[in-house]
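Visitor: Straight from Swiss-Prot, here's the annotation block:
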ACT_SITE  Asp832  active site, proton acceptor
BINDING   Leu717, Gly718, His719, Gly720, Ser721, His722, Gly723, Thr724, Val725, Lys739  ATP binding site
COMPBIAS  637-655  compositional bias 'Basic residues'
DOMAIN    1029-1163  domain 'KEN'
CARBOHYD  Asn152  N-linked glycosylation site
REGION    547-668  region 'Disordered'
REGION    899-919  region 'Disordered'
TOPO_DOM  28-504  topological domain 'Lumenal'
TRANSMEM  505-525  transmembrane segment
Amino acid sequence: MRWRLPGARTTLPASVALLLLPILVAPQQLQEHDDLPSTLSVPLSPTQRSFDHHPLPTINVKSNDASALATMALAGPGRAVRARPAQASSSSAGLAPQLHARSLQDWEVEDFVLLATVDGSIHARDRRTGAARWALEVPSSPMVESIYHRANRSSFDRAQPEDDFLWIVEPSQDGNLYIYSPGPDAGLQKLGLTVKELVEQTPYSGTDPAVTYTARKETTLYTVDARTGNILQVFSSRGPITSGHGCRKVDGFDLEAEECDTPSGTLVLGRVEYAVAIQNTETGDPICTLKYSEWTANNRDMDLQSQYFRTMDQSHIYSMHDGVVLGFDHSRMDRPRYTQRFSSPVVRVFDVARPINVESPEAATPLVLLSQPLQPPDPDYGSLDDRDARVFVDCTSAGGWFAMSEETYPLVTGRAKMAQCYEKDYLRHGQPLTSLPTSQQRDALAGVHSLNGPRVVRNTPSISGPSPLELANDTPRELMRSPSELALPPALRHSTIIRKGWDNAVDIFVTILLLFFGAFIYFNSHNIQELAKQKLDVKNIIASYAQPPLSTPSTPVVESTHFKRDSSPSRPISNLTVEVTVPEEQQEGDATPKPKRDRSAVGPDSTPRVKIREPSRGPDSDDDVEELDQAASPEKPKKKARRGRRGGKNHRRGKKPDSEGESKDQADRVVDQVNNLQPQSRLEPDLQLVRTVSNDIIEMDGVLQIGRLRVFSDVVLGHGSHGTVVYRGSFDGRDVAVKRMLVEFYDIASHEVGLLQESDDHNNVIRYFCREQAAGFLYIALELCPASLQDLIERPGDYPQLVQGGLDMPDILRQIIAGVRYLHSLKIVHRDLKPQNILVAMPRGRTGSRSLRLLISDFGLCKKLDDNQSSFRATTAHAAGTSGWRAPELLVDDDNRSAIQGGESQHTESSEPAVVDPQTNRRATRAIDIFSLGCVFYYVLTRGSHPFDKNGKFMREANIVKGNFNLDELQRLGDYAFEADDLIRSMLSLDPRKRLAPLCSSLAFRLFTDLFPRPDASAVLMHPFFWNPSDRLSFLCDVSDHFEFEPRDPPSDALLCLESVACRVMGPEMDFLRLLPKDFKDNLGKQRKYTGSKMLDLLRALRNKRNHYNDMPAHLKAHIGGLPEGYLNFWTVRFPSLLMSCHSVIVELRLTKIDRFKRYFTPVE
């Protein structure tokens, strides 16, 4: 029988490939060869069939993931395996007798772990500190050995194609195989085959290529004292072996004592040794011998291993290439708990588990080894593009080559160097790779390789093909060179470095130019800033005085000695035409103007005349317009200001005398145009704001003194949009953050300040202090915060004073939603909620609280809703917010909504009034903040991940539009995972206007559904995710009490609604009693009988045992845990959806207002 690769050739590289690769790859790739099975399949006996264990979540695990260091269970990602009882009349099939079903919940992790190293040793280390306990060095052979028999042949023998291959084994589960081959396409390749699979396919002998494979497999089992590491028993396929270790005497001074000390626990540890011999079929000469040994757990415990998807205490150990191991505790946001170094890299990690309930405490407890599951070290780790392609290769002291891939061992290549074989040519022409000494091979190959490349680039001489016009035979040789070689001086053509530099001369020149430009900007930044300030000052002065007045003004012309001031801070008027004469002195702020002097008596310049013209703004402006009517004559008093109306409706004015009718009609039209274009803006001509007075600001040693505000311009805290810079400052001795903005963005600053003044009376909204203007800038003083939420989540180590007591994630999210709820109560929609705009501050001293304060900040894009308005219009071209954090309704126009006339309201399917923009046919509500908060919540709970990063960060908005999010990382939260998933899923609802379908109308009810409406801030604050354990347990007991009084024969609609969620809560088995421990069920049945398929009985059992908790035996209470948290966890671990299912039933039945449940659905003020 021949195995061939498609399209094989008789060239040397093809021969090499035919020699080795087809044997390994063909069984997996070529399905047409049916005479040799590609895998060995053993049918399960009736007692070995598996079925689902409902409470544990399904997690997809790659088959070749070894773990953080070790591998996943051999049983794969299936759930708990329970042995089905065999028939009484027949014997059990398989290797093991019938076993009772075991649950991982009945086991606890020991305080030490076992680490297997490449040199073949087993080390017991402390789980929390990494301190050494004991080491097992039997046998002493390394895990990987590779013997190449080229060294046994004469140097005069002809080189064989197989001499150019190196076999490399990854000491993970079953031993993944790699090969390295030199040549033009040199590189590391993964065969997709393991040593175990190769052994199972032997014996095999072929003629094309003429290669024979034979193999053997030997197993040894050790029983070890878990406390001392002494080997108690040895079982081997080669026969009985004496352990060589005596037992520990009870009396250490009595050497003749016969009684031995009973070990507190025993470990069963297996070692499987594989050996594969590769020989030439024709000559019988040996080619290579591969030996691989791996440490394994007892296969009897595969039922527990198949349930072990995450460690019990969130502790993981990661291995580095140089023997260093890092111990992490993922439940805490800090750096590695400990670091230890071994003489050889650690390749397997086993957690040790002990049963909680021990029948005989005096006997030695059999402990179980569980291969530690894979856990990424960081949420962003899985997004690295080339993570799975990076492999570290090295060899043992005996010359055995081994590999450690980043896919199997996260962080292993972090500090390793790239292999030198891709940079230098270590082989002379025709020299086999295996003929080199081991030291030279290691110098060339040891290091990081990439499965996607790089490949060695050889400067192989070649003959260029003819050009469209065939070259004549007398074409000079120099003209046949490449352009880069032709331009290079002949003396430098053989220098690789110079030739590469010459080929990339343009890139190098541009890089150097940019570096010089960057250095120039850096060293002259202060001078550039000063020039920019001076230019702005000159621009303001010229704009105020140098522009000639137009013959026909576009806004009213006001003639008065002074103007009535508004209570709001004064604003600068840009692009104004001002003609000023000095009026008679009067006190600033006087509400009553003094009598004007007769113009003839005083002179033509005695009365100030101010002509104001402000450029129109776009239709998105929502500021009020204060109309200033022109005085008919100097003797007439100024008319009272009148506010404009939204929507651009014109005021109807009373008629004037005929002599003024024409001019007044023209003025009315001008005012109406201003109202339409610029609603809610104020025209407050203040002559002091037109010019910037140089002595308003005092600058000394990087400190600016502006009134009561001091700005430290050399301490920059951050940068924002519109040229905004945030400095450290002080206001009346209080440390503040000073936000500096250009005067051109005065409207934005005034808008932000107005909202801050209105909303800063809340613990979770940033506080506003003052505002100053000087030198062409506006300065806003705000509360100073040491970090933002993004800083706290992504770099907690930089803020030890904030995280010293740990982070209470639910409290952080509760404060954020409380601040947003307060803004929404004031009809303020933030529109730019993201981690950067949520600041973190220390608790205030007078409150006595130790929890951090979360503050909503950056109100530059906020919208204020008018009375009876619950939404506003936005366009996709001017959608507010930050990319990746915006709601889908801001990104997609609603084409299904009919066009509405501008300035009118409409009723949507949710019966909410909306303000319609005539330029678009779409609205947006407070729900856009809820969507952004859903992304922020996920970001906080997963420590930096984004729910829409499924295909990378650049696809966020595309995924948002499609509603394509992924919440799998929430499973790490444990008890709160289900509630967090439900809350965030509803907040990320694609369409906020959808309404929930009737809960009990469908038998196939799914708790996770996209029909949930996006909740408001109050509903988010009342979600069960924010309930404490006491409230959660009380709620479940109240649900049980309420439904006890429902009619049962026939059952009421409410009771049917409750029972409709039983399948979701209990799983397909529909029997909650099967998931409870035997001792608990025995104690439960003493009071009354329960039907396992009834939700009512499940809630009754939970309530009754809570009420009779003190009547339970001590050992049962220790197993369950204390009230309320331990007892609640006992139930929610087995029934994760119980709380949310009952919550949904109460909401659907509209029972939230009755006295029993009212307190759960009332937000705390």
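Cβ atoms here come from the backbone N, Cα and C positions, even for glycine.
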Visitor: Could you put numbers on the helix, strand and coil content of the domain 'KEN' (1029-1163), residue by residue per DSSP?
Guide: 89 helix, 2 strand, 44 coil
Visitor: Could you state the whole-number distance in Å separating the C-alpha atoms of Gly723 (ATP binding site) and Asp832 (active site, proton acceptor)?
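Guide: Between the Cα atoms of Gly723 (ATP binding site) and Asp832 (active site, proton acceptor), the distance comes to 18 Å.
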Visitor: On the 0 to 100 scale, where does the mean pLDDT of the domain 'KEN' (1029-1163) fall?
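Guide: The predicted confidence over the domain 'KEN' (1029-1163), as a mean pLDDT, is 89.
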Visitor: Within its own chain, what residues at least 6 apart in sequence put their Cβ under 8 Å from the Cβ of Val725 (ATP binding site), listed in sequence order?
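Guide: Listed in sequence order: Val716, Gly718, His719, Lys739, Arg740.
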